[in-house]
Amino acid sequence: MTIQWFPGHMAKARREVTEKLKLVDIIFELVDARIPVSSANPMLEEIIQQKPRLILLNKADMADREITNSWLKYYEQNDKKALAINSQAGSGLHQIVNAAQEILKPKFDRMRAKGMKPRAIRAMIIGIPNVGKSTLINRLAKKNIAKTGNMPGITKSQQWIKVGKELELLDTPGILWPKFEDQEVGYKLALTGAIKDTILNLQDIAVYALRFLENHYPNRLTERYELSEIPNDILPLFNHIGTLRGCLMSKGEVDYDKTAETIIRDIRSEKLGSISFDLPEDQAEED
Ligand SMILES: Nc1nc2c(ncn2[C@@H]2O[C@H](COP(=O)(O)OP(=O)(O)OP(=O)(O)O)[C@@H](O)[C@H]2O)c(=O)[nH]1
(Lines of atoms letter the chains of each structure in order from A and count residues from 1; the text may use other names and numbers.)
(Lines give C-alpha, C1' and ligand atoms only; values in the text may rest on other atoms or scores of the structure.)
Protein backbone atom coordinates (compact mmCIF):
# COMPACT_ATOMS: atom_id res chain seq x y z
CA MET A 1 0.00 0.00 0.00
CA THR A 2 1.42 3.36 -0.94
CA ILE A 3 0.36 6.27 1.17
CA GLN A 4 0.98 9.84 0.15
CA TRP A 5 1.96 11.59 3.33
CA PHE A 6 0.53 15.04 2.87
CA PRO A 7 0.28 17.19 6.00
CA GLY A 8 -3.46 16.50 6.15
CA HIS A 9 -2.88 12.75 6.07
CA MET A 10 -0.22 12.99 8.74
CA ALA A 11 -2.53 14.96 10.99
CA LYS A 12 -5.28 12.37 10.42
CA ALA A 13 -2.95 9.46 11.14
CA ARG A 14 -1.77 11.15 14.29
CA ARG A 15 -5.35 11.80 15.41
CA GLU A 16 -6.33 8.18 14.81
CA VAL A 17 -3.38 6.87 16.80
CA THR A 18 -4.06 9.31 19.63
CA GLU A 19 -7.70 8.14 19.80
CA LYS A 20 -6.79 4.46 19.90
CA LEU A 21 -4.06 5.09 22.47
CA LYS A 22 -6.74 5.74 25.06
CA LEU A 23 -7.92 2.15 24.73
CA VAL A 24 -4.65 0.36 25.36
CA ASP A 25 -2.17 -0.30 28.14
CA ILE A 26 0.83 -0.66 25.89
CA ILE A 27 2.12 0.11 22.40
CA PHE A 28 3.88 -2.50 20.31
CA GLU A 29 6.10 -0.37 18.12
CA LEU A 30 6.97 -2.36 15.03
CA VAL A 31 10.19 -1.37 13.27
CA ASP A 32 12.30 -3.06 10.61
CA ALA A 33 15.21 -4.88 12.28
CA ARG A 34 17.49 -3.81 9.41
CA ILE A 35 16.74 -0.13 10.07
CA PRO A 36 15.29 0.22 13.57
CA VAL A 37 15.92 3.97 13.67
CA SER A 38 15.11 4.85 10.07
CA SER A 39 11.85 2.88 10.15
CA ALA A 40 10.65 4.52 13.36
CA ASN A 41 8.19 7.39 13.29
CA PRO A 42 9.94 10.66 14.15
CA MET A 43 7.11 11.87 16.40
CA LEU A 44 6.08 8.67 18.09
CA GLU A 45 7.77 9.57 21.35
CA GLU A 46 5.76 12.78 21.50
CA ILE A 47 2.51 11.13 20.39
CA ILE A 48 2.51 8.27 22.86
CA GLN A 49 3.94 10.31 25.73
CA GLN A 50 3.91 8.23 28.91
CA LYS A 51 2.36 5.11 27.37
CA PRO A 52 4.55 2.03 27.93
CA ARG A 53 6.10 0.66 24.77
CA LEU A 54 7.60 -2.58 23.57
CA ILE A 55 9.85 -2.26 20.52
CA LEU A 56 9.56 -5.15 18.07
CA LEU A 57 12.39 -5.52 15.58
CA ASN A 58 10.48 -7.26 12.82
CA LYS A 59 11.90 -9.01 9.73
CA ALA A 60 14.83 -10.07 11.91
CA ASP A 61 15.31 -12.92 9.43
CA MET A 62 16.42 -10.34 6.85
CA ALA A 63 18.73 -8.40 9.18
CA ASP A 64 22.37 -8.97 10.08
CA ARG A 65 22.04 -11.11 13.19
CA GLU A 66 25.12 -9.68 14.89
CA ILE A 67 23.87 -6.14 14.45
CA THR A 68 20.40 -7.09 15.66
CA ASN A 69 22.01 -8.45 18.82
CA SER A 70 23.90 -5.18 19.24
CA TRP A 71 20.62 -3.30 18.86
CA LEU A 72 19.01 -5.44 21.56
CA LYS A 73 21.92 -4.62 23.86
CA TYR A 74 21.65 -0.95 22.95
CA TYR A 75 17.96 -0.85 23.89
CA GLU A 76 18.62 -2.71 27.12
CA GLN A 77 21.30 -0.18 28.07
CA ASN A 78 18.81 2.59 27.38
CA ASP A 79 16.13 0.97 29.52
CA LYS A 80 13.96 0.16 26.55
CA LYS A 81 12.40 -3.23 26.14
CA ALA A 82 12.92 -4.67 22.66
CA LEU A 83 12.54 -8.06 20.98
CA ALA A 84 13.69 -9.40 17.62
CA ILE A 85 10.92 -11.20 15.76
CA ASN A 86 10.00 -12.69 12.40
CA SER A 87 6.28 -12.19 11.92
CA GLN A 88 6.21 -14.10 8.69
CA ALA A 89 7.52 -17.34 10.19
CA GLY A 90 6.08 -16.57 13.60
CA SER A 91 9.38 -16.86 15.43
CA GLY A 92 10.00 -14.85 18.57
CA LEU A 93 6.32 -14.05 19.02
CA HIS A 94 5.92 -16.15 22.16
CA GLN A 95 8.10 -13.64 24.01
CA ILE A 96 5.75 -10.74 23.33
CA VAL A 97 3.19 -11.48 26.04
CA ASN A 98 5.86 -12.10 28.67
CA ALA A 99 7.67 -8.90 27.81
CA ALA A 100 4.42 -6.91 27.93
CA GLN A 101 3.55 -8.43 31.30
CA GLU A 102 6.95 -7.50 32.65
CA ILE A 103 6.64 -3.90 31.44
CA LEU A 104 3.12 -3.54 32.85
CA LYS A 105 3.71 -5.33 36.14
CA PRO A 106 3.72 -2.13 38.24
CA LYS A 107 0.42 -0.96 36.70
CA PHE A 108 -1.29 -4.32 37.08
CA ASP A 109 0.05 -4.70 40.63
CA ARG A 110 -1.49 -1.33 41.48
CA MET A 111 -4.80 -2.40 39.93
CA ARG A 112 -4.76 -5.61 41.95
CA ALA A 113 -3.95 -3.69 45.14
CA LYS A 114 -7.04 -1.56 44.52
CA GLY A 115 -9.07 -4.75 44.34
CA MET A 116 -9.72 -4.55 40.61
CA LYS A 117 -10.45 -7.75 38.75
CA PRO A 118 -7.50 -9.12 36.78
CA ARG A 119 -7.89 -8.58 33.04
CA ALA A 120 -5.96 -9.12 29.83
CA ILE A 121 -3.37 -6.61 28.69
CA ARG A 122 -4.70 -4.36 25.92
CA ALA A 123 -2.26 -3.50 23.19
CA MET A 124 -2.04 -1.97 19.75
CA ILE A 125 0.53 -2.23 17.02
CA ILE A 126 2.00 0.94 15.54
CA GLY A 127 4.40 1.23 12.65
CA ILE A 128 5.23 2.78 9.30
CA PRO A 129 3.76 1.25 6.10
CA ASN A 130 5.04 -2.14 5.00
CA VAL A 131 6.87 -2.91 8.23
CA GLY A 132 4.74 -6.03 8.78
CA LYS A 133 1.88 -4.86 10.98
CA SER A 134 -0.83 -6.95 9.28
CA THR A 135 1.42 -9.98 9.13
CA LEU A 136 2.04 -9.77 12.86
CA ILE A 137 -1.63 -9.24 13.70
CA ASN A 138 -2.63 -12.21 11.54
CA ARG A 139 0.06 -14.36 13.10
CA LEU A 140 -0.98 -13.48 16.62
CA ALA A 141 -4.65 -13.91 15.74
CA LYS A 142 -4.13 -17.27 14.10
CA LYS A 143 -4.92 -19.49 17.02
CA ASN A 144 -7.43 -17.27 18.77
CA ILE A 145 -9.48 -15.48 16.21
CA ALA A 146 -12.29 -14.97 18.74
CA LYS A 147 -12.98 -11.31 18.25
CA THR A 148 -14.64 -9.54 21.11
CA GLY A 149 -17.26 -6.94 20.31
CA ASN A 150 -17.38 -3.34 21.33
CA MET A 151 -15.93 -2.56 24.68
CA PRO A 152 -18.27 -0.87 27.12
CA GLY A 153 -17.89 2.88 27.21
CA ILE A 154 -16.30 3.03 23.81
CA THR A 155 -18.41 4.69 21.18
CA LYS A 156 -16.30 3.94 18.14
CA SER A 157 -16.44 0.25 17.45
CA GLN A 158 -13.08 -1.37 17.86
CA GLN A 159 -12.47 -5.02 17.30
CA TRP A 160 -10.18 -6.84 19.66
CA ILE A 161 -8.30 -10.01 18.95
CA LYS A 162 -7.69 -12.33 21.85
CA VAL A 163 -4.15 -13.67 22.00
CA GLY A 164 -4.39 -16.37 24.62
CA LYS A 165 -5.86 -15.29 27.95
CA GLU A 166 -3.35 -12.59 28.67
CA LEU A 167 -3.49 -10.28 25.68
CA GLU A 168 -6.09 -8.40 23.67
CA LEU A 169 -4.90 -6.70 20.52
CA LEU A 170 -6.67 -3.99 18.53
CA ASP A 171 -7.33 -5.54 15.14
CA THR A 172 -6.33 -2.43 13.20
CA PRO A 173 -2.82 -1.09 13.58
CA GLY A 174 -1.77 2.52 13.89
CA ILE A 175 0.00 3.64 10.74
CA LEU A 176 2.48 6.46 11.05
CA TRP A 177 4.89 8.03 8.60
CA PRO A 178 8.65 7.47 8.38
CA LYS A 179 11.36 10.13 8.65
CA PHE A 180 11.43 10.63 4.92
CA GLU A 181 12.76 14.20 5.07
CA ASP A 182 16.21 12.81 5.81
CA GLN A 183 17.80 11.74 2.53
CA GLU A 184 19.92 8.96 4.00
CA VAL A 185 16.86 7.56 5.75
CA GLY A 186 15.08 7.70 2.38
CA TYR A 187 17.81 5.57 0.80
CA LYS A 188 17.60 3.03 3.60
CA LEU A 189 13.81 2.87 3.34
CA ALA A 190 14.14 2.31 -0.41
CA LEU A 191 16.77 -0.40 -0.03
CA THR A 192 14.68 -2.35 2.46
CA GLY A 193 11.57 -2.01 0.31
CA ALA A 194 9.66 0.25 2.70
CA ILE A 195 9.33 2.77 -0.11
CA LYS A 196 8.29 0.83 -3.17
CA ASP A 197 7.53 3.23 -5.97
CA THR A 198 10.35 5.37 -4.97
CA ILE A 199 10.39 9.09 -5.41
CA LEU A 200 14.14 8.98 -5.01
CA ASN A 201 16.56 8.72 -7.90
CA LEU A 202 17.47 5.07 -8.55
CA GLN A 203 21.10 5.83 -9.29
CA ASP A 204 21.44 7.85 -6.06
CA ILE A 205 20.06 4.92 -4.07
CA ALA A 206 22.41 2.47 -5.79
CA VAL A 207 25.44 4.72 -5.23
CA TYR A 208 24.53 5.00 -1.55
CA ALA A 209 24.14 1.20 -1.38
CA LEU A 210 27.49 0.51 -3.06
CA ARG A 211 29.30 2.91 -0.73
CA PHE A 212 27.59 1.35 2.27
CA LEU A 213 28.52 -2.16 1.14
CA GLU A 214 32.08 -1.08 0.43
CA ASN A 215 32.38 0.21 3.99
CA HIS A 216 30.50 -2.50 5.86
CA TYR A 217 30.28 -5.62 3.70
CA PRO A 218 33.20 -5.39 1.21
CA ASN A 219 33.53 -9.15 0.79
CA ARG A 220 29.93 -9.59 -0.16
CA LEU A 221 30.28 -6.83 -2.74
CA THR A 222 33.36 -8.39 -4.34
CA GLU A 223 31.85 -11.87 -4.30
CA ARG A 224 28.47 -10.95 -5.73
CA TYR A 225 29.89 -8.82 -8.51
CA GLU A 226 33.05 -10.80 -9.21
CA LEU A 227 35.43 -7.99 -8.36
CA SER A 228 39.12 -8.61 -7.72
CA GLU A 229 39.14 -5.28 -5.93
CA ILE A 230 36.65 -2.47 -5.42
CA PRO A 231 37.42 0.48 -7.71
CA ASN A 232 37.82 3.82 -5.95
CA ASP A 233 35.47 5.60 -8.29
CA ILE A 234 31.79 4.88 -8.67
CA LEU A 235 31.76 5.03 -12.49
CA PRO A 236 34.07 2.05 -13.12
CA LEU A 237 32.16 0.15 -10.43
CA PHE A 238 28.85 0.83 -12.19
CA ASN A 239 30.40 -0.04 -15.56
CA HIS A 240 31.69 -3.32 -14.19
CA ILE A 241 28.41 -4.36 -12.59
CA GLY A 242 26.36 -3.17 -15.60
CA THR A 243 28.50 -5.14 -18.02
CA LEU A 244 28.58 -8.22 -15.80
CA ARG A 245 24.81 -8.24 -15.43
CA GLY A 246 24.07 -7.35 -19.05
CA CYS A 247 22.47 -4.00 -18.25
CA LEU A 248 23.35 -2.55 -21.64
CA MET A 249 21.81 -0.20 -24.16
CA SER A 250 21.55 -0.95 -27.87
CA LYS A 251 25.06 0.28 -28.67
CA GLY A 252 26.54 -1.80 -25.90
CA GLU A 253 26.90 1.09 -23.48
CA VAL A 254 26.05 0.49 -19.84
CA ASP A 255 22.49 1.44 -18.91
CA TYR A 256 22.98 3.11 -15.53
CA ASP A 257 19.33 3.11 -14.53
CA LYS A 258 19.04 -0.60 -15.25
CA THR A 259 22.30 -1.25 -13.39
CA ALA A 260 21.02 0.73 -10.41
CA GLU A 261 17.76 -1.23 -10.48
CA THR A 262 19.68 -4.51 -10.54
CA ILE A 263 21.78 -3.50 -7.53
CA ILE A 264 18.71 -2.40 -5.57
CA ARG A 265 16.82 -5.58 -6.49
CA ASP A 266 19.80 -7.71 -5.43
CA ILE A 267 19.87 -6.05 -2.03
CA ARG A 268 16.12 -6.24 -1.47
CA SER A 269 16.05 -9.91 -2.38
CA GLU A 270 19.01 -10.67 -0.11
CA LYS A 271 21.35 -11.69 -2.93
CA LEU A 272 24.11 -10.09 -0.87
CA GLY A 273 22.92 -11.77 2.30
CA SER A 274 21.26 -10.26 5.35
CA ILE A 275 22.25 -6.63 5.67
CA SER A 276 21.49 -4.08 8.37
CA PHE A 277 21.71 -0.43 7.43
CA ASP A 278 21.22 1.26 10.80
CA LEU A 279 24.06 0.69 13.22
CA PRO A 280 23.82 1.09 16.98
CA GLU A 281 27.20 2.83 17.16
CA ASP A 282 25.94 5.62 14.89
CA GLN A 283 22.88 6.04 17.08
CA ALA A 284 24.97 6.05 20.26
CA GLU A 285 26.95 8.96 18.77
CA GLU A 286 23.74 10.89 18.13
CA ASP A 287 22.31 10.24 21.63
N1 LIG B 1 11.00 -11.76 5.70
C2 LIG B 1 10.00 -11.24 6.39
N3 LIG B 1 8.99 -10.64 5.76
C4 LIG B 1 8.00 -10.10 6.49
C5 LIG B 1 7.98 -10.18 7.90
N6 LIG B 1 6.87 -9.55 8.34
C7 LIG B 1 6.22 -9.11 7.25
N8 LIG B 1 6.89 -9.43 6.13
C9 LIG B 1 6.53 -9.09 4.73
O10 LIG B 1 6.55 -7.68 4.61
C11 LIG B 1 5.55 -7.24 3.69
C12 LIG B 1 4.67 -6.19 4.36
O13 LIG B 1 3.91 -6.80 5.39
P14 LIG B 1 2.50 -6.25 5.87
O15 LIG B 1 2.08 -7.07 7.03
O16 LIG B 1 1.59 -6.09 4.73
O17 LIG B 1 2.94 -4.78 6.37
P18 LIG B 1 2.01 -3.63 6.97
O19 LIG B 1 2.87 -2.93 7.97
O20 LIG B 1 0.73 -4.18 7.44
O21 LIG B 1 1.83 -2.71 5.70
P22 LIG B 1 0.76 -1.52 5.41
O23 LIG B 1 -0.57 -2.17 5.24
O24 LIG B 1 1.33 -0.92 4.15
O25 LIG B 1 0.82 -0.54 6.53
C26 LIG B 1 4.80 -8.49 3.27
O27 LIG B 1 5.32 -8.92 2.04
C28 LIG B 1 5.11 -9.49 4.38
O29 LIG B 1 5.06 -10.81 3.92
C30 LIG B 1 9.08 -10.84 8.57
O31 LIG B 1 9.18 -10.92 9.79
N32 LIG B 1 10.05 -11.35 7.74
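Quick reminder: no glycine exception, Cβ is built from N, Cα and C everywhere.
The GTP binding site annotation in TrEMBL covers Asn58, Lys59, Ala60, Asp61, Asn86, Ser87, Asn130, Val131, Gly132, Lys133, Ser134, Thr135, Gly174. Among the features that TrEMBL reports, domain 'CP-type G' is placed at 14-178.
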For the binding-site residues Gly132, Gly174, the one whose C-beta sees the most other C-beta atoms within 10 angstroms: Gly174
Those binding-site residues listed as Asn58, Asn86, Asn130, Ser134, and which of them has the most Cβ atoms within 10 Å of its own Cβ: Asn58
Confidence summary (mean pLDDT) of the domain 'CP-type G' (14-178): 90
Max CA-CA distance, Å, over listed GTP-binding residues Asn58, Lys59, Ala60, Asp61, Asn86, Ser87, Asn130, Val131, Gly132, Lys133, Ser134, Thr135, Gly174: 23
Cβ-Cβ distance under 8 Å to Ala60 (GTP binding site), same chain, at least six residues away: Ala33, Thr68, Ala84, Ile85, Asn86, Ser91, Gly92
Where Gly174 (GTP binding site) falls in three-state DSSP terms: strand
Helix, strand or coil at Ala60 (GTP binding site) [DSSP, three-state]: helix
Secondary-structure category, per DSSP, in which Asn86 (GTP binding site) falls: strand
